[in-house]
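First comes the structure, then the notes that go with it.
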Amino acid sequence: MQHPLKTVAKETILYSFGSFALRGCSYLINLWLHATRLSPSAYGVITEFYGYLALGQVLYFLAMDMAYCRFAPTLGQQYTFNIVTTLLTLTGLLLSLTIWMAAPQIAQITGHLMHIRYFYYVALLLPLDTLLSIVHTRLRTTHKMSQLLLLKFIQVLAFAGLSFMLLYFPMGLAAVARTISTYLPFITVQLNPEDAIFIANLLASILTLPFTFPYFKGFRWIWHGHTIQRMVRYATPALLSTLFLRLHDQLPVLLFRSLLPSAFCNGDTKEAIVGKLGMTYKWATCFAWGIQAFKYAVEPFLFKQTKHNNSPKLYSQLMYLYLYTACLALSLFSLNIKWIIQVFLPSAYSHHFIEVLPYLAFIHVCLGIFYNFTISFKVSNQTFYIAWITAGGSLIAWVLVCLLIPRFGHWGCIYATMSSSIAMALSAYCIGQSYYPIPYYKKGFILLVLTFLILASYPLWSEKLISLQPGFAYLFLNTITIGLFYAISKSLKKMLADQAVCLS
């Protein structure tokens, strides 16, 4: 019988391939387009507004993906789809109307009076993204991965193509501006790259929406108060934890401009510094994709194994596998990121904040460890602890950001986020073990600590090998790294062989 961890590994690779192939290509193309056509100051504005957009996505979707997966088997796919779509459409329209009406006040609070129109774009984007997310959830719960990847491919291809057209051909942007001024005269479109990016994103979502129409077949408006109450109650812990985690990720960037002293700018504007930092954060996002892929693969597998007596041992092996893979990816990322950025980004961005990238990736790894530790809460039905721990982590991040950014600049963001991520992971471990003890292997955590200790020096090793050409130095170091982790993988295989868990 195939070991359960091999099943998880295969499903993670499947999700990762789709995520990296689609989102990775989109990210690289759009990062290159944005970096070559936008100044750091302009990208700073984009960074902040996409931070608001990320927070809005959580509030609009209400963690209904969790409720959908939970209730679809008992209520039926079509009924669950109908009631979730009804709920999120109505709440989304209400939230967008609120943003629309309060845009001047929101712009004043956030210091974006010159960019009020971007809040209108956000109000239009969020309901569209919510509808697309509902369809994505339906396809995921019905295991239609090829159709899900196709929809995502259409969206990212449309966004990349429209971004290229609007950024490089001003006539296209002018035509869109005339159309908007005709039908939405209260929105003033300016012919600049920032507007082009928002419009490209909006048009990409609109163009993708017709491809989801077949999945709306049989849809009708349903409002059943008791069922909605049950779904909302079930999703509330996940909503709160997701919102707090998103705040944990976005607060450093959103508060950076207002907290950064002018002494750290070195002749740049604060918006330019935010733009360079935002570009750096984008490059660390690939680790978030990997963690998301791991989460998608583990969630269906998780509760299936709880009935077995050996499940704690299996969850321990799952953590060890995660730590091994994360340390390998972190090492290769830290070793190669410098030359990759120099290839893809212009000098206005590429020479700034590279040194923090390995630590940003490490923060994502810590969040993945936290997610693994929450298994104890999920299988013991104590999920409200996840919301409390993430709330505490967000509070720690907010306090440390306010204290450290004025003193350490961009490093203050790293120190604050890393400290809060580690605090959340340790809290989840300590509390979770009292409800559902899992005998975690210490070797994986020792490997993570050793990987962290060499993060600072890893990118410099290629420069120390002055006797070799840069290309040969990178080849040599990558070969050594892969060989070392291959040797470590032998112990992982031995562990799985010696402690195989035979589950039916």
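One is the number of the first residue shown, and numbering goes on along the chain from there.
Quick reminder: no glycine exception, Cβ is built from N, Cα and C everywhere.
Curation does not apply to TrEMBL; its annotations are automatic.
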Query raised in the report: Per TrEMBL, which of 12-29, 30-47, 246-263 is transmembrane segment?
Result: 12-29
**Report entry** For the transmembrane segment (49-69), sequence-distant contacts whose Cβ falls under 8 Å of one of its Cβ atoms, 6 or more beyond its ends
**Finding:** 80-81, 84, 87-88, 91-92, 95, 99, 110, 112, 115, 118, 122, 125-127, 129-130, 133-134, 137-138, 140-141, 198, 231-232, 234-236, 238-239, 242-243, 246-247, 249-250, 253-254, 299
Query raised in the report: When you scan the chain for residues with a C-beta under 8 Å from the transmembrane segment (414-432), skipping those not six or more beyond its ends, what do you find?
Result: 248-249, 252, 356, 359-360, 362-363, 366-367, 369-370, 373-377, 385-386, 389-390, 392-394, 396-397, 400-401, 403-405, 408, 438, 440
